[in-house]
Every structure is written in structure tokens, then in C-alpha cells.
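Taken from Swiss-Prot, the feature domain '4Fe-4S' covers 2-59, and the record attributes it to sequence analysis. Annotation source Swiss-Prot lists [4Fe-4S] cluster binding site at CYS17, CYS20, CYS25, CYS42. Residues annotated as 5-methoxybenzimidazolylcob(I)amide binding site in Swiss-Prot: THR340, THR346, GLY370, LEU371, SER372, VAL373, ALA433.
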Amino acid sequence: MPLTGLEIYKQLPKKNCGECGTPTCLAFAMNLASGKASLDSCPYVSDAAREALDAAAAPPIAKVVLGAGPTAVEMGDETELFRHDKRFYHETAIAIQVSDNLSSEELKAKVEAINGLNFDRVGQHYTIQAIAIRHDADDPAAFKAAVASVAAATQLNLVLMADDPDVLKEALAGVADRKPLLYAATGANYEAMTALAKENNCPLAVYGNGLEELAELVDKIVALGHKQLVLDPGARETSRAIADFTQIRRLAIKKRFRSFGYPIIALTTAANPLDEVLQAVNYVTKYASLVVLRTDAKEHLLPLLSWRQNLYTDPQVPIRVEEKLNEIGAVNENSPVYVTTNFSLTYYSVEGEIESTKIPSYLLSVDTDGLSVLTAYADGKFEAEKIAAVMKKVDLDNKVKRHRIIIPGAVAVLKGKLEDLTGWEVIVGPREASGIVAFARANLAS
């Protein structure tokens, strides 16, 4: 929890000098607590007090950056246990694992397939964020070659997975500027791993065999001066991993246990790709900031990415599209006009069905604060007056010759009033988007 004004006041010099712009230190403390002032405004605060206040004000889970440049991914910096309390902020990063045991041709083909993992769904663009290269070969040079090959073939972020710091060091030399995640520091190698991560300013995964060992290892690494950490509590069985992830998140959020105040990495282990995706869905749901999978099939990953997108939307703000007149196909002055709300799911469902009719059409989206048709109508946000006003706003009269507009069947009651307000012919369309194709064939086919 954030500090109160009185708790902050105890750390201040209590000089009441007024140089911060407020007459007393207590008033300044109250402003700090409410976010209206910065500690930098006080010239007399001690270094110890500043460190204590900065630590208290720090987010319960640190922000860790994977990668560099425009593709860099922010992990952590979360404040809630439950999405409905506020929201989750940084989407789980998805990484696809490749092995240095693959031949150069196999590796090239694998990376090419991973680069193609891009999806567009209901107006949202989905993609993965990283490729994880695992050192499985007996020859350390194979790992260096694999890392170099992957780095040259992709702009995705990198995760370098090797237990031997010397092997990692050789491979990292050519890609250090891309700030890959180094996996992983253990009780046996943490000093060398930490030195390598510090030297190259890279995030470091910390692997512990259980929560107690993990906490002790994190404290040792932080004492060595590196705080860009990602946690792996070691569990690979799904229910055990979920239990550990939940404990880490709960202790970080509720108890401010700093040893667990870092993002979590999860590795899937299921042999069957569908089971692997189910594992990943559970890990995304239960607090993993980075999930590493082996499957790279689009049909396996799309459900996972769709779930991630839904989980990380703001539950207090409906997903919506812009209020405007949208063109579907090569429209002309004879094209039919449909109208719907700007709720994203409704809009893209209608748009997809209109595209399936193969009839170039206009689709007018009306701003209903992101509510669906019936919900917006019940709330008074999708009424004849509102539709008429938007029609005038987009100058619809001059867009088409035949003044007729198709409204959703669920709000057929709007037909008469909308005709009176606009002078247009109002056609009552189907109640569901799935009926648009049959409706168009029956009513719009020339």
C-alpha cells in the first residue's frame, strides 16, 4: 500500500523552511502522498530518507524490459491480484523455443515460420514477442552459431537459455545490444551470471528449486547490484506452477515482499501441442509475464493470443471503434448502407458478414460508448435521433443516390421515427450478424 502523509512526514527533515513551495513539511508530505509534489522539491531530505521513500513508493512488482528498440517488451509493473480490481497492464510476452541441435536449414525454416505468426482479429493485431534459443547441443559453438543465425533472421526479442555462463558469454557477444533475457541464474552459477548480466545490462532469469530457494537467490543477486530480474520458481507440473505463481504475486502485492517483486517466466512441458497451449493459457491467466512454448502452429497459438488480449483489456472501458462511415469494398453511389453501434465485437462481426455478401457497402458506426445494440438501445444511446445526427455528420445524403439505410432487427422499433427524422427509407435487417448474407441475397442482389 502507498505511504500515508504522516508516514512520509516522519522521513522529512521537519525544517518547515517553505523552499519546496508549501509552508510546512506536513503539508509537503500530504502533497507527496496525493501525487501533487515530487521529493526532488525538498533540498534537505537525507539520502537515507530518499532511499526509504523511493523504495516504499516503488511498484510492488518491478518493471523489467526485454529487448531494445521498438520491439522491446515491458514486463511486470503490475499492481493488482485480480483484474476486476483495476486492470492488468503489461501483456504476457510469448516466446517460441528453438534448439541449437537443429540444422542450419531447419533453424532457418523454424525462424521464418515464427516470423509469420501475425494475426488480425476483430480489429486487433496479435503477434508473439520473442524467440528462445536453448542450448541442447554438446558443442558450445553450436549455441553461438544458432543465436547468431536467429538474430540475423528476426527482429523479435531473444531469450538465451544455457546453464553455462561461459557458453552464454560467447553467444551474447554478438547480440548484447538487443538486450536478450539470460536464462538462468542458479545457486551454482549466479555470481558469474549476474556479472554477465550487469556487464551487458541485460535482464536475468533466476531459477530456484522452490520458493524458499528462489527468494534466497534473488536476495543474493540483488546484493550484487542487479535488479532486472525474472523469476522461475522451478515447478513444471501445471498445478504446482500455478500455486507458486499465485504465492509470488500475493506476497509481492499484499506483503510487499521485495524478493518476489519481479515478473515471472513460465516454461511449458506438455508433449502434445494442444496440452501445451492449455498449460500456457493457465500461466497467462495466473501471472506469468513471459511464457516459453515449443509449438509454432498458428492454429495452436491464435486461441492463446486471443485469450491474452481479452485478459489484458481494461474491464472498465468497453472496446470500441471510431464513430464514422466505413467503406467495405469498392463502394459507389448505389451501395447499400448499414448502421450498427461502435462496440468492437458487434462492429467487426457485422463488417465480416457484410464482406461475405460480396456487395460493396457502407457501414455507419454510431458512438454508443462501446455498448452493443440492445444494451445501447436500453441505455438510450442508440436511438433514432442519435443515428440521424451521425448520418448528417458524415454527409450521408451526398454519398449515395438511393436513400435507404439498414438497421439491426433488434431495434426495429426505430424504423418509423428514423424515417420521419431523415426522410430515408429504413429497412429492418436481421437480428443477428449471421443473418446478413441471407438478408443481402434476398433484398439487395441486383
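Using the three backbone atoms N, Cα and C, a Cβ is placed for every residue, glycine included.
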Other Cβ atoms within 10 Å is the metric here; tell me which of the binding-site residues THR340, THR346, SER372 scores highest.
THR340
Quick check on the domain '4Fe-4S' (2-59): DSSP residue counts for helix, strand, coil, in that order please.
28 helix, 0 strand, 30 coil
Looking only at C-alpha atoms, tell me how far LEU371 (5-methoxybenzimidazolylcob(I)amide binding site) is from CYS20 ([4Fe-4S] cluster binding site), rounded to the nearest Å.
47
Could you tell me which of these binding-site residues, CYS17, CYS25, LEU371, has the fewest other Cβ atoms within 10 Å of its Cβ?
CYS17
In Å, how large is the greatest distance between any two Cα atoms among THR340, THR346, GLY370, LEU371, SER372, VAL373, ALA433, the listed binders of 5-methoxybenzimidazolylcob(I)amide?
17
Which of the binding-site residues THR340, SER372, VAL373, ALA433 has its Cα closest in space to the Cα of CYS20 ([4Fe-4S] cluster binding site)?
SER372
Going by DSSP, is THR346 (5-methoxybenzimidazolylcob(I)amide binding site) sitting in a helix, a strand, or coil?
helix
Taking CYS25 ([4Fe-4S] cluster binding site) as the reference, which of THR340, THR346, GLY370, VAL373, ALA433 (the binding-site residues) have a CA within 10 A of its CA?
none
Rounded to the nearest Å, what's the C-alpha distance separating VAL373 (5-methoxybenzimidazolylcob(I)amide binding site) and CYS42 ([4Fe-4S] cluster binding site)? Just drop the number here, would you?
54
